[in-house]
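Okay, so here's the structure we're looking at.
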Number of protein chains: 4
Amino acid sequence: MDEARWRKLTDWPLLACAVVFLVAYSWEVLADLRGTERAAAESVMAVIWVAFLVDYVVRLSLASPRWPWFRAHLPDLAIVLLPFLRPLRLIRLVALFAILQRTTGGAFRGRVVQYAIGASVLIVYLGALAMVDAERGHGDIDTLGEGLWWALVTITTVGYGDMTPVTTTGQLVAAAVMFAGIALLGVVTASFASWIVDRVAQHDASEQAATRAQVDELTREVRALRVELARAGTQDRVTTSP
Amino acid sequence: MDEARWRKLTDWPLLACAVVFLVAYSWEVLADLRGTERAAAESVMAVIWVAFLVDYVVRLSLASPRWPWFRAHLPDLAIVLLPFLRPLRLIRLVALFAILQRTTGGAFRGRVVQYAIGASVLIVYLGALAMVDAERGHGDIDTLGEGLWWALVTITTVGYGDMTPVTTTGQLVAAAVMFAGIALLGVVTASFASWIVDRVAQHDASEQAATRAQVDELTREVRALRVELARAGTQDRVTTSP
Amino acid sequence: MDEARWRKLTDWPLLACAVVFLVAYSWEVLADLRGTERAAAESVMAVIWVAFLVDYVVRLSLASPRWPWFRAHLPDLAIVLLPFLRPLRLIRLVALFAILQRTTGGAFRGRVVQYAIGASVLIVYLGALAMVDAERGHGDIDTLGEGLWWALVTITTVGYGDMTPVTTTGQLVAAAVMFAGIALLGVVTASFASWIVDRVAQHDASEQAATRAQVDELTREVRALRVELARAGTQDRVTTSP
Amino acid sequence: MDEARWRKLTDWPLLACAVVFLVAYSWEVLADLRGTERAAAESVMAVIWVAFLVDYVVRLSLASPRWPWFRAHLPDLAIVLLPFLRPLRLIRLVALFAILQRTTGGAFRGRVVQYAIGASVLIVYLGALAMVDAERGHGDIDTLGEGLWWALVTITTVGYGDMTPVTTTGQLVAAAVMFAGIALLGVVTASFASWIVDRVAQHDASEQAATRAQVDELTREVRALRVELARAGTQDRVTTSP
């Protein structure tokens with residue numbers, strides 16, 4: 001079995017795992033679970049973490065040139081190993097969106113915009129959740145509503161400062177959301193830029209860049225000419241030889 | 001009657017409706033209306049909302065492949081249905097600018113910049129209005145002046161934090177203004193990028209990309225050559241045959 | 001005399017006027033002048049304002065199609081008429097940089113970056129000055145140092161909020177600096193984008209876009225071929241006719 | 001000996017110097033050294049500063065057209081002379097990353113992104129260090145943790161304002177970090193834009209821009225045609241002459 005086939009088989013189960021993880025983590029954080037309920041939620045998350053770990057190890061062993069695969073999938077490794085740093089464990093769920101992404105078609109730029117929107121929504125929710133988990137009882141951010149407001153203010157790089165994390169874990173979560181904000185700004189801007197460049201280029205058809213298809217057609221034309229010339233030359237000789 | 005004709009007929013009446021809606025909403029919020037005056041303003045807005053709803057339903061029924069139209073006009077549906085979430089009702093007024101836009105000509109990039117400026121001005125005013133409506137008596141933003149200052153600080157993503165919304169409605173309005181800010185940054189940057197790319201490309205004419213017009217001319221030249229060759233070949237044969 | 005010649009004659013005197021205006025305004029604001037000294041500074045600025053007004057009127061009258069010139073030079077009109085709104089009067093000094101710009105050569109992108117840096121430095125200084133003028137005694141910003149710090153925090157869209165304007169004039173100045181910040185971000189990003197696009201395109205020479213020069217050369221080649229063919233055909237006929 | 005050879009010889013020793021400088025400065029700031037320990041750290045830094053100064057002078061004297069080299073290396077001069085303005089002395093260490101950069105290969109856009117990430121990490125650390133050095137005992141930023149949090153909030157242009165510098169030196173450091181933030185945003189956005197433009201262009205191969213390689217091939221084809229024609233013409237004459 002090769003890696004592509006394994007991915008096809010495991011995509012949907014892993015998506016389900018990610019959703020269950022999200023639900024379990026949301027429940028634990030939002031209901032502020034204690035005792036056996038907390039243990040139950042933690043167990044569910046641990047089992048799912050094992051599933052992701054197994055998936056990573058299997059894919060690494062199936063990859064034929066192993067070193068390039070390892071280098072190209074460092075983020076996957078981080079997603080598997082980061083769980084020990086608890087709130088960042090949630091980053092793993094971005095995989096959910098990547099899987100959803102793979103199932104939809106459409107033009108490249110449209111997919112980039114969809115991905116950016118989807119990833120932003122996920123990051124805002126996960127950031128809010130992780131922030132409430134880290135900061136409850138320590139700072140200003142105690143409820144999901146406050147967490148969402150903080151995450152929105154941060155990911156857009158507005159940064160009012162009416163609520164700021166005070167714990168180290170909260171500040172690490174904040175750093176992740178801030179850099180997500182820079183990436184969001186970058187993707188939005190780049191998509192607009194690509195769209196404007198395309199539209200400006202299409203405006204005046206006579207000024208559009210020559211396409212490969214056009215030059216290929218011209219090359220065919222010249223080759224046909226050469227064949228014709230060769231034929232004409234032969235005919236000449238045939239005609240004039242006697 | 002098809003959809004394009006319907007749009008042509010209804011553009012100006014709907015623009016008038018949007019302006020009346022803006023005036024009524026501004027009056028209600030800024031004069032902090034109570035009793036019968038408030039009821040009057042609310043009635044005017046309800047009537048205009050019905051007009052927009054009717055317009056949407058008629059356009060949906062006139063569209064010939066209905067499903068693609070529905071998918072492409074989801075924002076229009078949101079504009080019609082969001083009124084129940086009161087301050088966001090104002091988003092509908094962005095339609096005003098889209099209509100104005102349609103009536104002006106000009107180069108593509110120029111129109112994008114005009115649209116961005118116009119939409120920003122509208123969003124700052126509407127955001128300020130909706131924020132005052134949501135926050136008056138709850139937080140720091142009580143007058144239109146304070147609302148405009150807050151909206152400017154937010155849409156530019158500066159975010160001093162000297163005034164921040166504290167109600168959930170206010171925070172939803174703020175989220176809309178923040179994302180408008182990201183879009184504004186994106187459009188401004190993309191326009192500059194497109195302009196610089198164009199100017200750099202024009203700088204050295206001998207290095208400019210080959211245009212389709214140029215390659216078309218070359219293709220005509222080669223075809224003429226082929227015709228000439230065919231004629232010459234025929235002449236050869238004619239001349240040399242006897 | 002046409003407009004270009006007038007501009008050439010008046011460039012350096014107007015630059016000198018702008019510098020004198022900047023010095024007079026700086027002196028008035030920073031020394032917090034009162035009485036006759038204030039009157040002296042105000043008189044100097046009024047005289048310079050008249051010079052700018054005369055320059056605008058002369059250029060408008062010299063422009064041959066007057067309406068397009070008027071439309072293209074609306075910012076110049078604003079620079080002349082805004083003085084009545086006092087701190088914004090300083091925007092006029094951006095003209096200083098535009099004049100300096102005209103005297104230096106260099107590649108387009110480099111000049112855009114130089115202009116962006118120069119304009120940013122000028123806007124930070126002028127914004128700080130105007131802010132101190134507007135806010136002294138009303139808010140947090142009383143000295144040039146505080147003004148410069150506030151302007152830096154604002155133009156980079158960081159917006160700590162440790163110092164914020166509280167007067168309407170101060171908030172108008174802040175709005176100008178904020179939008180300058182968005183423009184600065186846009187220009188910096190666009191310059192990087194143009195540079196990266198260029199460098200990526202140059203990386204693999206065989207993948208570079210075909211240039212007009214290349215296609216022009218090819219077209220000459222084909223034309224030469226046609227001439228050759230015509231000559232050959234003639235020779236054929238000449239050779240074979242007897 | 002020319003400048004390139006000198007650079008090759010001194011790259012690694014200067015990198016080692018920069019690392020030692022960073023360690024000495026970190027130690028002095030973080031351990032808040034006093035007395036002989038402080039003198040020791042200061043001496044180490046002074047010696048390294050002399051090494052950088054000597055390197056600069058030697059390279060200037062080796063450069064054959066001296067004036068263009070001087071103009072192109074103004075930042076190097078600043079890096080050598082700024083030490084007198086103590087916290088900005090650390091900017092010199094960005095040289096470290098430039099040297100590391102030179103030793104890695106890879107595609108242009110990838111290297112730009114790597115450089116941006118590396119420079120950002122360095123700037124955040126150096127900014128935090130310099131800020132603690134400048135602000136300890138004066139404001140909110142007293143530990144490396146607080147300094148790093150402040151630098152992250154600033155470089156992403158979020159700017160909560162929960163910690164802001166109050167000393168002039170601290171504000172100069174902050175200005176450097178803010179402009180680094182604008183540059184970071186610019187590079188991230190530009191890289192995304194270049195990537196999207198490339199991918200959109202690759203999407204439809206028949207619409208790709210004609211390449212120089214293609215036109216070169218076409219030109220070869222036409223030249224071959226001309227040779228063939230010349231040969232055919234000669235043969236014609238040879239065949240038909242008798």
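Even glycines carry a Cβ here, placed using N, Cα and C.
The annotation coiled coil is assigned in TrEMBL to D:208-235. Look at TrEMBL and you will find D:125-197 tagged as domain 'Potassium channel'. What TrEMBL lists as transmembrane segment is D:12-30, D:39-58, D:112-132, D:172-197.
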* To do: Could you check if the transmembrane segment (D:12-30) is in contact with the transmembrane segment (D:172-197), meaning 3+ Cβ pairs under 8 Å among residue pairs at least 6 apart in sequence?
  => no
* List, by number or range, the same-chain residues at least 6 past the transmembrane segment (D:39-58) whose CB is under 8 A from its CB atoms? -> 6, 10, 13-14, 17-18, 20-21, 24-25, 27-28, 33, 73, 76-77, 79-80, 83, 89, 92
* **Cβ-Cβ under 8 Å with the transmembrane segment (D:172-197): same-chain residues at least 6 beyond its ends** => 85, 87-88, 91, 109, 112-113, 116, 119-120, 123-124, 127, 130-131, 134, 151, 154-157, 164-165
* Structure fact -> DSSP puts the residues of the domain 'Potassium channel' (D:125-197) at 53 helix, 0 strand, 20 coil
